[in-house]
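Now, the feature entries from TrEMBL:
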ACT_SITE  E205  active site, proton donor
ACT_SITE  E289  active site, nucleophile
DOMAIN    57-383  domain 'Glycoside hydrolase 35 catalytic'
DOMAIN    573-632  domain 'Beta-galactosidase galactose-binding'
Amino acid sequence: MARNGSLRRNTAKVFIFLISLFVLGALAPLPSVSQRSSHFHFDKADEQKFEIAGDMFWKDGEPFRIIGGDLHYFRVHPEYWEDRLQRAKALGLNTIQTYVPWNLHEPRQGHFVFEGIADIISFLKLCKKLDLLVMLRAGPYICGEWDLGGFPAWLLAEEPAIRLRSSDPAFLDLVEKWWGILLPKISPLLYSNGGPIIMVQIENEFGSYGNDKAYLHYLVKLARGHLGDDILLYTTDGGARETLRKGTIPGDAVFSAVDFTTGDDRGPYSSYRKSSTHQENHLLFQRHEFYTGWLTHWGEKIASTDATFTATYLEKILSMNGSAVLYMAHGGTNFGFYSGANTGSNEADYKPDLTSYDYDAPIRESGDVDNAKYKALRRVIAKYSTQPLASVPPDNEKIAYGRIKLDKVSFLYDMIGMKDLVDVVESENPISMEAIGQMFGFVLYASEYNPKGNGSVLSIPKVHDRAQVFISCTEDSGKRPAYVDVITRWSNRPINLPYLKCESKNKLLILGILSSVYLDSRPLYKWKMLPIPLQNLNEAIQINPIILNARKGLPKRSAREKLKDKRNSVLEPAFYTGHFSVDKVRDTYISFRGWSKGIAFVNEINIGRFWPSVGPQCNLYVPAPMLRQGENTLVILELESPNTDLFVNSVDHPDFTCGPTGSTLRKSREHRLLSS
């Protein structure tokens, strides 16, 4: 079942991704302490204080320049948090900006997770340890190319349906419960309390989505109720007049930031503003977007930006006494099922994001810093830093563990027959995965119909994001389900179901739908939904019967049987398993070149989606902490066709050269959207 939009199911129409870059007091030199005192006065009680006044930042009574970057804790293995933060500090950064994805921390309603990769408190304490300030983007919506924009999928199953990102009381009640857990946890880590957090963002580019001021004012009130009246709050919106009108929060002393594209020459003062009913002055600042790279969707050429170009524009900002927050300083990885998507004006305009979130950032996905962009940016930052920069750590070693032979364990549909695996849900009409209590993984939809001699026409008005269609006989004939076709979200079209001679009815099997199903223009009723749960990143490793069964492997087969397997390969989802030995535990990559699309698990950890048949990403990053000395297990769920020789390679480098040459996701005849 596919659900990988940043806001799935048309919950939002606009996905303008933001970065944060402030230019404050752009043409004026930083004032001396005596000049600063004419603006306001600090006494001893104010020694630990961060403020915005006189068109600039002030830290403990001294003018302060933010040189920061986005680094998201949920895109980095926790054992590498300190490593990546040290590399950010060596780049010259003094501030880290991160989102907080609600769905990572409350994957099931009322079940909160703050351990492992969701241990935000430990991440913030590491920032404090390394003397890095933090700008926290608390949502509740974050976008960020993250599944459902950070909203937990169970919100979509609420009855009656709630309006996300609105002042709908039912939605506000859930936000209040979530922030009632989150904000008290981070309150002790505010800068005024001795922690690293200097600012907290409210929502995310709301002006590009709606115009519900009551919703925004409610979030401000809620944030201040937990964090105090002195907390610096800010919003972020695009530079168009209409988005600013909708997204800013006048009368609540909230700073409103405006994004511009890197290299866009705007006036030195324009758009970082504080409005308050209690003061008449408006503080004017400028905020530019400063992308160090760019995101990449499946089916596109890997995005990259020139190192010299990027460094030149950063220097232009810093030379005007500006402050900058780079998006991204380090991109990381969309492990598990969390990679998002961008959507446009209609269902067809759908662009799913890669598992890699490398972003062509100066600190690469694996943490590498021995590259032109890191060096160029560091040279610029060093010229404007008030202190010598920390030494640059060497790149972490990566090892190619070689060829990993795989065996087919089972077809997915065979494993569904395990009596202790799933609870079947029955309904007259198909219902969503969330409605049957499953947030990630797959759901197989099954129904029966009377075949016609000349076949039938199948149509599904709403597919998110890809539906694989199979037919079989209802009786146990010993034959494999016959693959029919794939219906995709952006090229939704009716397909022909061929006549299948059976003793009784035909069985229709569909992996991934979201609406009624029509056969020859008439709705098909009486459905069985079979949940196929697969572990996501933030879930504790547990005995998953699917993966457990896959790990056991099959009895050894003869060469003739294996050859028959190759010749009879069908486009039916199947599990494959293999083992590889590790003497020295280091980072590695798994190359899926020659495979089609699916999901991979290393030692039962979901390392993400692969789709080399569309590209450009060929290899999935496996950080060393996911491996162990000795034998390691790889389990693959291939949704279509495996490599004919049933192997993958462990290699020591990334690779973004897969996919049909010269084609894009939208143009390729081979395009197939993610069904997970």
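Numbering starts at 1 and runs along the chain as it is shown here.
The backbone N, Cα and C atoms fix where each Cβ goes, and this holds for glycine too.
These numbers come from a predicted model, not from an experiment.
Summarising the environment of E205 (active site, proton donor), the number of other Cβ atoms within 10 Å of its Cβ, over all protein chains shown, is 22.
Regional average pLDDT for the domain 'Beta-galactosidase galactose-binding' (573-632) in the model is 97. Note on the domain 'Beta-galactosidase galactose-binding' (573-632): DSSP counts are 3 helix, 32 strand, 25 coil.
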